[in-house]
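K.L.:
My questions will all concern the structure given below.
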Amino acid sequence: MAPTRRSRDLLRGKNVLIIGGTSGIGFAVAQLVIEHGAMACIAGSNPTKLGKALDALKQHPDRDPIAIVQSATCDLFDVPNLEQNLDNLLKLAAGDSKIHHIVFTAADMVQPPPLASVTIEQIQRVGTIRFTAPMLVAKLLPKYMELCPENSYTLTSGSHAKQPDPGWSLVTGYCGGVEGLMRGLAVDMMPLRVNVVSPGAVLTPVLRDILGDSLEIALDAARKKSTTGRIARPEDVAEAYLYIMKDQNITGTVLETSAGMLLR
């Protein structure tokens, strides 16, 4: 009987692209990836944040000695050049070989506008990063990734898709759209595995910026709504993405990591 590979070895030497890997959940995924001996390419639109994230990953104390880290700037709001920007990103991440896993965590994390005042421009802007960009990645990735069950493409939605909060219709709509897109891609791109991670409340730097003085009130409400009584950290949720990369039997699935908030 052939020896069983350790779970930690399943990502060793693999090439992982994290789009939105400069902070929050995406950055936490990158940390886990390099702890497992994989090459991580993080992509973001802000060169300053990208540089700081790259330096932090290179200095990560638990980084496996064989892990390689690189970064790439990619403006997901540059609609006229979006497809070319993404193609350039995928080409850079693939290098002389192929990409094995792609994680898409990028999002326009701002307080959504009230329904009564939402504009076409705002609808399109949110849709560009949450729906259009992930779909274009799917269109382009066969040039840079082998479509096989060992590889994966993981998108991100949110608990809003199943349990909307007042005033979040714009984000709720696209979260649901991403989950539908994932199912379509899982069929169109088989046997490549395509899945979605759906986080609940996660305490990220961006969330702190959005909520400002209302942060503690919002966190207290989220704790009471959950069954665990706690708010997730990015590193908690990042484990869901690692699981999807490793489990070659999971595809077409929304993996909820929401502290039981959907139960109440």
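Every residue gets a Cβ built from N, Cα and C, even glycine.
Quantities reported herein were computed from a predicted structural model and do not represent experimental measurements.
Below are the features listed in Swiss-Prot for this protein:
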type     : residues                                                                       : note
TRANSMEM : 13-35                                                                          : transmembrane segment
BINDING  : THR22, SER23, ILE25, SER45, ASN46, LYS49, ASP75, ASN88, ARG130, VAL202, THR204 : NADP(+) binding site
CARBOHYD : ASN249                                                                         : N-linked glycosylation site
K.L.:
By a Cβ-Cβ criterion of under 8 Å, what residues six or more beyond either terminus of the transmembrane segment (13-35) are in contact with it?
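P.N.:
Distant Cβ neighbours of the transmembrane segment (13-35) are 41-44, 46, 49-50, 52-53, 56-57, 60, 62-64, 66-67, 69, 74, 76, 89-90, 93-95, 97-107, 133, 137, 156, 199, 202, 204-206, 233-235, 237-239, 241-242, 245.
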K.L.:
Under a three-state reading of DSSP, tell me whether ARG130 (NADP(+) binding site) is helix, strand or coil.
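P.N.:
In three-state terms, ARG130 (NADP(+) binding site) counts as helix.
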K.L.:
Provide the number of Cβ atoms within 10 Å of the Cβ of THR204 (NADP(+) binding site), excluding the reference atom itself.
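P.N.:
Its Cβ has 21 other Cβ atoms within 10 Å.
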K.L.:
Round to a whole number and give the Cα-to-Cα distance in Å for the pair ARG130 (NADP(+) binding site) and the residue listed as 'N-linked glycosylation site'.
P.N.:
26
K.L.:
Other than its own, how many Cβ atoms are within 10 Å of the Cβ belonging to THR22 (NADP(+) binding site)?
P.N.:
25
K.L.:
Output the one of ASN46, ASN249 that, of all these recorded positions, has the highest number of other Cβ atoms within 10 Å of its Cβ.
P.N.:
ASN46
K.L.:
Cα-Cα, whole number of Å: ASN46 (NADP(+) binding site) versus ASN249 (N-linked glycosylation site)?
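P.N.:
A Cα-Cα distance of 35 Å.
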K.L.:
Would you measure the largest Cα separation among THR22, SER23, ILE25, SER45, ASN46, LYS49, ASP75, ASN88, ARG130, VAL202, THR204 for the NADP(+) site and round it to whole Å?
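P.N.:
Per the listed residues, the maximum Cα distance equals 31 Å.
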K.L.:
Could you check the binding-site residues ASP75, ARG130 and say which one's CB has the fewest neighbouring CB atoms inside 10 Å?
P.N.:
ASP75
